[in-house]
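Listed features, source TrEMBL:
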type     : residues : note
ACT_SITE : Asp72    : active site, nucleophile
BINDING  : Tyr127   : substrate binding site
DOMAIN   : 165-267  : domain 'Pseudouridine synthase I TruA alpha/beta'
Amino acid sequence: EDQNKKSPKRKIVLLMAYSGKGYHGMQRNVGSSQFKTIEDDLVSALVQSGCIPENHGEDMKKMSFQRCARTDKGVSAAGQIVSLKVRLRDDILEKINNHLPSHIRILGLKRVTGGFNSKNKCDARTYSYMLPTFAFAHKDHVVQEELYRLDTETLERVNKLLACYKGTHNFHNFTSQKGPRDPSAKRYIMEMYCGEPFVRENMEFAVIKVKGQSFMMHQIRKMIGLVIAIVKGYAAESIMERSWGEEKVDVPKAPGLGLVLEKVHFEKYNRRFGNDGLHEPLEWTQEEEKIAIFKEQYIYPTIINTEREEKSMANWLNTLPIHDFNSSAV
């Protein structure tokens with residue numbers, strides 16, 4: 001214990017992967033214990049492994065804790081980054097992981113500059129969204145979910161629509177509590193596309209990738225929800241342009257289940273400090289295999305099995321006719 005007190009604290013970043021099912025998001029809500037978050041488990045493991053004193057667990061500012069992205073309820077991550085000050089122990093990753101459940105892993109650690117803040121220094125985030133392809137079947141066609149296969153034409157249309165999001169738009173309709181004139185509702189999207197479909201356990205899935213500077217709460221799920229509504233024939237394509245204007249548009253929000261924080265980017269930081277001889281660039285090429293294994297073991301099976309058992313996408317699709325895409329939302 002005395003040895004512990006003497007060991008100096010260092011600013012580090014941890015590369016985290018987790019399956020978010022059953023959690024109320026990433027960010028800890030001190031004082032509300034009934035909603036369990038990923039950070040509750042992380043902080044407890046940091047205390048138990050001797051990396052931080054117990055009182056830092058109660059007041060996270062004491063260890064300068066910052067997460068890169070606040071993932072919402074049920075959302076998973078393959079490449080979340082948190083920055084904090086810890087006592088560097090031997091075999092630190094192993095010690096922390098020993099106190100974490102198997103569906104939360106610390107996959108990497110790097111030393112960073114003293115003033116580093118993972119949220120402010122992050123210049124882009126990449127998310128993926130895995131969904132069963134029957135979500136794109138036209139509403140007038142009766143489909144058997146297991147048998148549905150996405151044709152090239154529909155995939156091309158999906159990609160044409162997703163590409164419309166690229167650039168800077170006013171996304172006030174894609175989140176709650178932001179007015180049309182709120183400057184923070186303007187967001188910059190670098191890329192967005194849907195990959196080739198693949199079959200898992202008799203059901204066809206596809207993965208949509210989106211990279212942007214930063215995203216607001218529910219923004220990605222609403223961006224995908226709107227494209228599904230258009231492709232299924234519930235809404236006209238013109239609704240996209242309308243949704244970036246000032247009027248209030250009713251944008252449906254796709255389920256949280258398929259959303260995964262894939263990667264966070266620190267391009268500016270890497271240019272400045274990555275090769276200064278003291279710090280290493282925040283890139284995780286060596287950890288890529290561990291990330292891929294974690295996704296195969298924990299993230300994809302959770303999405304696939306939950307989809308099959310709870311039918312979150314199928315049930316959500318049944319709510320689309322309730323939306324009124326023609327008039328302004330009240």
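The backbone N, Cα and C atoms fix where each Cβ goes, and this holds for glycine too.
Caution: TrEMBL annotation is automatic and unverified by curators.
What you see is a predicted model, and the numbers here were worked out from it, not measured in a lab.
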Query raised in the report: How many Å lie between the Cα of Tyr127 (substrate binding site) and the Cα of Asp72 (active site, nucleophile)?
Result: 12
Query - Within the domain 'Pseudouridine synthase I TruA alpha/beta' (165-267), residues counted as helix, strand or coil by DSSP - result: 25 helix, 33 strand, 45 coil
